């Protein structure tokens, strides 16, 4: 495991008094006691079972899983995020106290994964909803990769300046947006439907009921204009 940068010592005295800055001391205390909120929706989340065991034992890094976002300062998102779950994820993030961090784990969380090509309900990347500090690719990532991602996050925290992070968060607010269609193949014919174009949220006029239209001659729903 990579070494972590601890607070820089300004000076020491013969009576064992250490002098440092409040910012460095705060960073060191936070990186040594990260309390994660585990947000798992599919198979990537199963890898956390290996971390809990004695072989990896992520408790030794000061990680204490919490069930409440108000007690957590790190949220680990693993698995596919759907449009129905997006408001709940944003609400959990907003309920976390400052300073708070996000690790996006797995291809489905980062880009939508294999569901991003023809699924109307999949969010193409969790960073469209909340700011992400560390991206962890893989399908699924190994437990060693998860530990490495946590190590990189701890290094990032050790070099952090509190005022800069607050200023960045004030200028980049997160919010939910409706996800729109790309041009895709219909369910039955395999032909491209030119009516379902990808448009910005402000200009899209496609009504939700127009996405699926049932016909008596079709056994399954078909995308129509």
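Numbering starts at 1 and runs along the chain as it is shown here.
Quick reminder: no glycine exception, Cβ is built from N, Cα and C everywhere.
Database features, via Swiss-Prot:
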type: BINDING; residues: 43, 44, 108, 139; note: [4Fe-4S] cluster binding site
Please report the number of other Cβ atoms within 10 Å of the Cβ of residue 139 ([4Fe-4S] cluster binding site). 11
Same-chain, non-site residues whose Cβ lies within 8 A of the 43, 44, 108, 139 Cβ center for [4Fe-4S] cluster are 42, 78, 79, 80, 106, 107, 109, 113, 138, 140
So residue 108 ([4Fe-4S] cluster binding site), by the Cβ count within 10 Å over all chains shown, scores 27
